[in-house]
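Feature annotations, courtesy of TrEMBL:
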DOMAIN    B:25-54  domain '4Fe-4S ferredoxin-type'
DOMAIN    B:55-84  domain '4Fe-4S ferredoxin-type'
């Protein structure tokens with residue numbers, strides 16, 4: 001791990017993220033793991049906006065932003081050029097879930113197919129938060145957003161979350177992992193592993209957004225932990241398409257995760273919607289079965 | 001911010017922006033209970049919990065937004081959130 005020097009943060013204080021921002025913590029941890037020898041390519045998104053309002057920047061590593069959709073293409077070019085020059089900098093993409101799941105898929109697919117030596121970090125806060133909480137391909141089932149509002153005719157987002165890690169693993173990526181900011185050491189280890197793996201690597205880090213999801217700022221890490229403990233988020237590592245490591249838990253009912261967030265409030269008020277909660281529990285159960293996250297009791 | 005010809009501004013840094021003024025609750029670190037595990041410094045989204053030369057952890061109130069993640073994460077519950085009086 002890169003030596004962490006107190007007072008020498010590579011992601012500096014003074015950025016304009018909300019208090020208790022999950023993605024801001026993800027950026028800090030990320031740079032703790034990469035150290036100075038990195039070049040960051042950002043897509044449009046919350047992180048780009050709060051960390052680099054013109055003419056200021058919170059990043060103390062080379063950083064570039066071009067468009068919403070082309071971070072992976074820009075990174076491909078930088079990587080190819082560095083390779084030609086024989087330089088050792090690591091190229092990282094840092095993009096939100098909107099840029100990764102919806103808008104940037106074409107460029108990501110291209111970069112992974114060409115096999116560039118880049119590390120793609122998607123900070124997943126499960127909607128377009130910067131423009132005011134619109135749903136994305138990463139928004140979970142039944143979450144209420146401004147473009148999938150819950151009300152008399154709807155129970156929120158009607159589509160399940162897209163399985164992006166599987167899509168990129170299918171490209172033949174040597175290393176695909178999911179992480180959570182609630183387990184900072186684990187996330188940093190995964191970033192290091194991705195940087196040291198040749199070829200295109202993908203890490204999707206769960207970064208709860210207190211503003212968009214509707215919980216108290218201090219709860220950010222607790223909510224992330226609950227997502228894992230209920231099976232709504234699975235921390236795993238995939239090497240060459242095979243799942244090699246999974247975080248196992250004693251599973252709690254999904255209600256504990258849902259009831260603490262405003263985006264799922266309509267499932268409990270004005271009246272409880274047991275049928276919808278059961279559907280979400282079924283999603284968690286499927287996750288648990290697929291990855292085998294349950295700690296089995298000894299008989 | 002004054003703009004020049006071509007709307008070009010001199011490069012700046014985020015540290016110019018003292019986000020401490022956003023704070024409603026102030027974290028108060030009680031050093032007697034501290035075991036120096038460093039979790040508060042690790043998980044601060046602002047990166048504004050600083051380790052002093054004596055190995056103690058102190059928040060930088062110029063940038064602390066008062067989110068309270070450090071108070072939640074402290075295993076000894078040695079961080080108290082107090083309302084700011086202005």
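Each residue, glycine too, has its Cβ placed from N, Cα and C.
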Non-local residues, at least 6 beyond the ends, that sit with Cβ under 8 Å of the domain '4Fe-4S ferredoxin-type' (B:55-84): 15, 18-20, 22-41, 43-46, 48-49
Within the domain '4Fe-4S ferredoxin-type' (B:25-54), residues counted as helix, strand or coil by DSSP: 8 helix, 8 strand, 14 coil
Averaged pLDDT, computed only over the residues in the domain '4Fe-4S ferredoxin-type' (B:25-54): 90
Helix, strand and coil residues within the domain '4Fe-4S ferredoxin-type' (B:55-84) as assigned by DSSP: 5 helix, 8 strand, 17 coil
